[in-house]
Amino acid sequence: MELLIGKSLQELRNWATENNLERYRADQIYQWVYKKWEDNPWNMTNIPKDLRKWLSENAKFHTLERVEKVEAPDSAKYLFKTEDGHLVETVLIREKDHWTLCVSTQIGCNVGCKFCATAKDGLIRNLTTAEILDQLLWVQKDIKELPKPWNKVRNIVFMGMGEPLANYTNLKKAVEILIDQRGIDISKRRLTISSSGILYQLRKMAQDPLLRSVNLAISLNAPNREIREEIMPITQSNPFDELWKFLVNYPLPEGRKITLEYVLIKDINDSEKCAHQLARLVKPHRKRFKVNLIPFNPSPILPYERPEEERIFKFQKILLNHSIIATIRWSKGQKVLGACGQLRAKRKIPLIG
């Protein structure tokens, strides 16, 4: 059976032609899948019944199997299984007036951040474009009957399992399909690629008109080389000063800012001294940066702790006093072990949802 999720409109048209279908039938199927989130050919009512029957026998609309859904009041974690038996996690986060979906791009990760539970698995493989998009298709199928605005994911952040830019080709194709106005039609401003700061990948992104048109977030997590090398070993091959120089000169779209993600870890990078160092770093360029402070999410497999709230707010206040945009992201996925750094698909849990 032919897998249709992950195909661009042109690829779907080519497939239709190869199977003696009219071109406009491919356009109809494309809209059913990517606009109406339909995965059952029998529900595609503007397609003849004989073609619906043929599709049900010759095409499939998912590559992932939904294994589990764990819900909390402000978030939900989905656990999927790939065709080769690996587990992938996706987190749906409820914001004030919209949904944000945190999407995985790899099975595991080889960046090796010391504070990240996903890194303990190492990298198994990249996700395909179909596997990246299927996370969204399954979630949209789940929420499409809810009242507006809760019937559609508004923001997508590539911040789940893996380093997105290490899966460059499949990520780029997924972005192309996501922004296609004939289908999903998500604004580029609603897409964010998060990177740990691997310079050769970032330089490639900076030269790519498509990917540099979406938002960039950098997992900085330290105000200097010494601390960053301690908790993010990739800093040894991607020097802190070089990364910062690159970010200061990154070709930003008009009106955008780079998000500096800073996971606050008790007694590691949460001191007032660290806050002042970060402020001195960012202040001369504050028009192009915003800081997202993320209190560390404790994990039984990691030796770190979350700072006290008073210390977190003090850190933020120091940045604000320097006229730097600094928000605190209280991780809404924590109750379902889906918050930043906790996406480790190892548990064997009962099927629900």
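Glycine too: its Cβ is placed from the backbone N, Cα and C atoms.
Worth saying up front: this structure is predicted, and the values here are computed from it rather than measured.
Here's what TrEMBL has on this protein:
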ACT_SITE  GLU89  active site, proton acceptor
DOMAIN    95-335  domain 'Radical SAM core'
BINDING   CYS109, CYS113, CYS116  [4Fe-4S] cluster binding site
BINDING   GLY162, GLU163, SER194, SER219, LEU220, ASN221, ASN297  S-adenosyl-L-methionine binding site
ACT_SITE  CYS340  active site, S-methylcysteine intermediate
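Counting every protein chain shown, the Cβ of LEU220 (S-adenosyl-L-methionine binding site) has 27 other Cβ atoms within 10 Å.
For GLY162 (S-adenosyl-L-methionine binding site), the same-chain residues lying six or more positions away in sequence with a CB closer than 8 A to its CB are SER104, THR105, GLN106, ILE107, GLY108, CYS109, THR118, LEU123, ASN126, LEU127. Among the binding-site residues SER194, SER219, ASN221, the residue whose Cβ has the fewest other Cβ atoms within 10 Å is SER194. In the shown protein chains, 27 other C-beta atoms lie within 10 A of the C-beta of GLU163 (S-adenosyl-L-methionine binding site). The S-adenosyl-L-methionine site in the record is lined by GLY162, GLU163, SER194, SER219, LEU220, ASN221, ASN297, and its two most distant CA atoms lie 19 Å apart. The distance from the Cα of SER194 (S-adenosyl-L-methionine binding site) to the Cα of CYS113 ([4Fe-4S] cluster binding site) comes to 14 Å.
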